[in-house]
Amino acid sequence: MATVTIPENVNVFLLDIEGTTTPITFVKEVLFPYIKEHLEEYLGAHWEEDECKQDVQLLKKQTEEDLKQNRACPVHAVDQTVHTDEEKAIREVVDSVLWHMDADRKTTALKQLQGHMWRAAYVSGKIKGEVYQDVVPAIRRWREYGLKVYIYSSGSIEAQKLLFGYSVEGNLLDASSNLAAFFLLLFDGHFDTNIGAKVESKSYQKIAERIGCSPEDIMFLTDVTREAKAAEDAGVNVAVVVRPGNMELTEEERKYYTTITTFSQLELTGRV
Ligand SMILES: CSCCC(=O)C(=O)COP(=O)(O)O
Ligand SMILES: [Mg+2]
């Protein structure tokens with residue numbers, strides 16, 4: 001297994017989730033089916049609550065934006081009339097959400113609703129966040145060397161925290177203040193699409209600004225080459241993560257990008 005030396009100037013890791021820290025199958029075969037199965041029931045139970053109203057509002061705004069941009073969107077989502085028939089209104093939101101999920105849209109609106117829906121499943125223990133076995137030991141090692149570690153996923157920050165907080169390896173967000181617990185703390189922070197889309201270069205510039213470093217100080221790990229390209233265009237170092245079930249890279253991409261199959265390939269040579 002070839003090792004990859006992290007440039008000495010890099011002092012921040014930025015990690016994608018799906019296909020990088022976490023198997024794609026967990027997202028596609030556990031998280032997304034949960035939404036599809038419980039959507040109608042969830043909307044019925046929470047329809048009158050502020051959080052749910054805001055989620056529905058954001059979905060409607062997204063539809064308006066899609067229409068403005070001439071993007072394809074389901075005809076039923078175009079209907080902006082205020083329904084007196086709650087069941088019909090819920091049905092329309094369900095159809096719209098399912099349509100967006102089938103297209104694997106990464107919009108903030110969709111991701112915000114999904115995050116809220118997963119909360120009950122994680123808290124009740126119905127779902128546990130999957131994390132590849134090489135991830136936690138590698139992050140602990142990086143942190144011992146004083147590097148910072150951030151998450152950047154299309155999943156909402158709330159969904160990210162649920163996944164790591166209720167993971168197969170326990171609560172990976174434990175933030176108690178004693179020294180021993182400090183080493184248990186894995187992440188310095190989280191970013192989602194509120195900072196911008198992962199395929200847009202300026203999102204990575206904004207992340208660097210927010211962290212207070214320059215893009216060259218960051219190493220971004222992702223399974224998606226469009227994201228790797230956007231990060232690289234911003235001056236961020238990238239490595240493409242090749243995990244079982246991830247999208248196959250083209251021969252050209254395999255030649256061009258530094259690739260890893262496990263985080264344990266990453267070496268911090270020359271650091272004390
Ligand atoms: C973070 S929880 C659910 C994952 C998800 O909804 C998603 O879209 C994953 O996207 P990523 O940017 O982590 O590949
Ligand atoms: Mg990914």
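Even glycines carry a Cβ here, placed using N, Cα and C.
Keep in mind that what you see is a predicted model, and the values were worked out from it rather than measured.
Per TrEMBL, the features are as follows:
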BINDING   Asp16, Glu18, Asp223  Mg(2+) binding site
BINDING   Ser153, Ser154, Lys198  substrate binding site
- Measuring C-alpha to C-alpha, could you say which of the binding-site residues Asp16, Glu18, Asp223 are within 10 Å of Ser154 (substrate binding site)? Asp16, Glu18
- Query: Cβ under 6 Å from ligand 2: which of the binding-site residues Asp16, Glu18, Ser153 qualify?
  - Reply: Asp16, Glu18
- Message: If you compare CA-to-CA distances from Lys198 (substrate binding site) to each of the binding-site residues Asp16, Glu18, Asp223, which comes out shortest?
- Response: Asp16
- Query: Glu18 (Mg(2+) binding site) to Ser153 (substrate binding site): how many Å between their Cα atoms?
  - Reply: 8
- In three-state DSSP terms, Lys198 (substrate binding site) is classed as coil
- Might you list, by sequence position, any residue in that chain lying six or more from Asp16 (Mg(2+) binding site) with a Cβ less than 8 Å away from its Cβ? Ile151, Tyr152, Ser153, Lys198, Phe220, Leu221, Thr222, Asp223, Val224, Glu227, Val241
- Run through the Cβ atoms and count how many others sit within 10 Å of the one on Glu18 (Mg(2+) binding site). 22
- Cβ density check for Asp223 (Mg(2+) binding site), other Cβ within 10 Å (all protein chains) comes to 21
- Taking ligand 1 as the reference, state which of the binding-site residues Asp16, Glu18, Ser153, Ser154, Asp223 have a Cβ closer than 6 Å to one of its atoms. Asp16, Glu18, Ser153, Ser154
